[in-house]
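Q: Take a look at this one; I'll ask things after.
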């Protein structure tokens, strides 16, 4: 799904560049013009994709799932780039030959004459018409008749640049920024375990009931001692009490100590301690279930306890997950510094480890991505203000997706992290051509420059984002919370990018720099100079006036 957004962008941009070429040119020249117009910017955006996901595939990434995904993305980007550069370009050459020889683009047969088509039914005329029956075949700019291009030129450009529409666009952006900022302040730290399960799984029902009724207790933590200990030693007993302090414990050790105290039995040495444990304590029906918690080994006539386990349960508040992570972060360092060698584990710790990484990883990866974009855009300076506008637009889209994602109850899991990285590239992919065409335009006014930019790139952007969003629809029918998270994030990425390209940027660029007055002055100076030269020539050669 992620690679389709970039791949179709290249297809639609190259197709748009092909349609902007003149049809009376040889097809080799048309392909050359289309490649020179599109492939430079597409090469740069593909490089950004490759480097950004290359960082995710590097050893610096400590989440294996993200690393494998980014490796696959890098391979897909390379294959996609060479596909467009080679095979799709060959398709354009073939299409150019068909157009030049007036062959049908689907049936590859000669297109009949207009007189022949007039004698045929309407369905036949529709199937065999090449769109040039009522105009000259070698029209200068046939792309102007494309229905999206016509809509943008005749209707949308005039509407969005209308002086009465601009205040409403500014208000819309302020609302967008407010909700985005409000969402960024409410970011949930880490993933909810329920979102990692299938929607209809019985585990979801269990997790919801457990959170609703029994969320005041942490998961049952296994406390495993994996070395022989002098359990009869008073110092060891105090260390074990210190480690389990603050927990509700299910422990054979505590039950055994209590059994010795109640029976007024002394077990201060190894032989007495183990002998009473095996022959008396574990024989009682109420204590027999502790047999599986103690591992004995026999060396000669002596029995030793080589490992044992007990269970800890911590009382927590409503925010069980956050407190469980903090508890885990406190217990693990203790296992390294204490004289007692132990480990703590619960199956949910696998998810809690991921939970603890979810906040730091997107910040680091997004930070590296933004730094990379800054370096690349300023090394490849097309126009300083163009780079500035690109950074502002990408930041606005990224923060908008992050804030709205939070308001839509999307947690910071691995899927949302990858989508945030992808949003950075997706925004550059669509905003960069529009902005650089605007800043390099030489029309008299900013309004005319943004109109020309939308006419040149608006069709490709609209086609690509629409195809991308339509392609997300099947994700709605997959019974998986992670897949639904993917749908939400990519829908926000596409929608925010479309909003900026067609609504926010066309309005804001009309009353913010760069100014177009210097282009107007240059044109006036050239026109005045040309008029003066013509006047001088006429004065020097009066007989030449008629010819002029």
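All positions are counted from 1 along the displayed chain.
Backbone N, Cα and C define each Cβ position, glycine as well.
Found this in TrEMBL, in case it helps:
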type	residues	note
DOMAIN	1-94	domain 'SSD'
TRANSMEM	39-61	transmembrane segment
TRANSMEM	73-95	transmembrane segment
TRANSMEM	163-185	transmembrane segment
TRANSMEM	363-382	transmembrane segment
TRANSMEM	389-409	transmembrane segment
TRANSMEM	415-439	transmembrane segment
TRANSMEM	460-478	transmembrane segment
TRANSMEM	490-512	transmembrane segment
Q: Same chain only, please: residues at least 6 beyond the ends of the transmembrane segment (163-185) with a C-beta under 8 Å from a C-beta of the stretch. Say none if there are none.
A: 396, 399-400, 402-407, 499, 503-504, 507-508, 510-511
Q: State the residues, same chain only, that lie 6 or more residues beyond the ends of the transmembrane segment (460-478) and have a CB under 8 A from a CB inside it; answer 'none' if no residue qualifies.
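A: Residues packing against the transmembrane segment (460-478) from afar: 1, 4-5, 8-9, 11-13, 15-16, 148, 430, 433-434, 484, 486-487, 490-491, 494-495, 497-498, 501-502.
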Q: Tally Cβ pairs under 8 Å between the transmembrane segment (73-95) and each listed stretch (39-61, 389-409, 415-439), then give the stretch with the top tally.
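A: The stretch with the most close Cβ contacts to the transmembrane segment (73-95) is 39-61.
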Q: Report, as numbers and ranges, which residues of the same chain sit near the transmembrane segment (415-439): CB under 8 Å and 6 or more residues beyond its ends.
A: 2, 5-6, 9, 13, 41, 44-45, 48-49, 52-53, 56, 66, 69-70, 358, 361-362, 365-366, 369-370, 373, 382-383, 385-386, 389-390, 393-394, 397-398, 401-402, 405, 446, 449-450, 452-454, 456-458, 461, 464-465, 482, 485-486, 489-490, 493-494, 496-497, 500-501, 505, 509, 514
Q: Please spell out the DSSP helix, strand and coil residue counts for the domain 'SSD' (1-94).
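A: Output for the domain 'SSD' (1-94) reads 80 helix, 0 strand, 14 coil.
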